Amino acid sequence: MSISSKIRPTPRKPSRMATDHSFKMKKFYADPFAISSISLAIVSWVIAIGGSISSASTNESFPRFTWWGIVYQFLIICSLMLFYCFDLVDHYRIFITTSIAVAFVYNTNSATNLVYADGPKKAAASAGVILLSIINLIWILYYGGDNASPTNRWIDSFSIKGIRPSPLENSLHRARRRGNRNTTPYQNNVYNDAIRDSGYATQFDGYPQQQPSHTNYVSSTALAGFENTQPNTSEAVNLHLNTLQQRINSASNAKETNDNSNNQTNTNIGNTFDTDFSNGNTETTMGDTLGLYSDIGDDNFIYKAKALYPYDADDDDAYEISFEQNEILQVSDIEGRWWKARRANGETGIIPSNYVQLIDGPEEMHR
């Protein structure tokens with residue numbers, strides 16, 4: 001049975017952000033930017049509609065298309081108030097931005113026709129549409145930007161509800177949490193540095209980040225084989241493995257002089273650990289490596305780990321050891337997905353790292 005079929009994923013209760021979308025005027029009052037900008041828009045709209053009605057009633061030539069622009073602006077103002085009262089601004093940001101952009105074109109076109117027309121009443125109408133154009137431009141800057149943008153953060157800082165959550169930062173944090181579950185600590189550091197350098201992983205309180213329970217704990221959701229199919233061919237690794245190979249050979253020779261039967265058993269074990277930079281001795285097996293580690297004293301098993309789940313060793317793999325849930329194991333190496341460990345009865349072997357958790361002190365043994 002493969003190790004991947006034994007993985008016991010930690011049950012997670014799906015979290016759901018509850019949002020009240022009922023109609024409440026206090027949601028509109030809680031945003032100073034909405035109150036101030038919409039209030040100025042209403043005043044400007046009243047000036048524009050008043051000047052237009054006065055100009056049209058005195059038999060002065062008035063551009064007919066301006067009427068539709070004024071009505072369209074009124075619909076935009078009413079829609080914005082409803083979106084704030086139902087707390088749906090973030091859900092309709094694209095619609096709001098495009099609609100305001102159309103209103104900006106209508107108002108600037110009307111301002112061009114009214115400014116150069118004769119008559120004092122048309123001047124009042126032109127002043128109203130110019131003010132509406134300025135307000136529309138501010139709205140486009142605000143609603144067209146992400147909530148993580150500097151301008152939006154500064155504007156939302158005056159709101160009672162605080163800074164709005166950013167969909168962009170939300171997606172980045174979800175990707176970061178997925179990376180924390182599926183990558184090694186070194187890969188996580190590289191990914192976190194890239195996100196931090198991009199400028200988006202700043203202060204974000206809307207979605208909590210997943211923090212590891214222990215700095216030395218390595219979790220893996222997809223256990224691969226123990227063999228190294230694509231070894232690193234760097235000089236440092238080459239030197240390290242050659243040194244390890246020599247230690248294994250010397251230990252094997254010592255065991256051969258002491259116990260010929262044990263040496264015969266070890267040389268018959270399969271799964272030869274041979275890489276591109278070995279010294280050519282392919283008779284050394286991982287069984288000898290585990291035999292070498294079984295002679296290590298207690299001082300070298302400097303870590304203690306608590307079993308999160310029970311684990312049954314694979315019968316086809318002579319290197320694995322079984323353990324029970326909540327059992328305390330001594331660990332000598334915490335690098336990689338498989339750790340070298342020893343049970344209380346002296347049995348030594350390898351264990352999957354995502355089945356155990358490192359413990360710091362005696363108080364954690366009883367949790």
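Note: Cβ is positioned from N, Cα and C throughout, glycine not excepted.
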Of the residues ASN59, ASN232, the one that Swiss-Prot lists under N-linked glycosylation site: ASN59
Listed residues SER149, SER166, with the one flagged phosphoserine by Swiss-Prot: SER166
Secondary structure tally of the topological domain 'Cytoplasmic' (87-93) (DSSP, helix then strand then coil): 4 helix, 0 strand, 3 coil
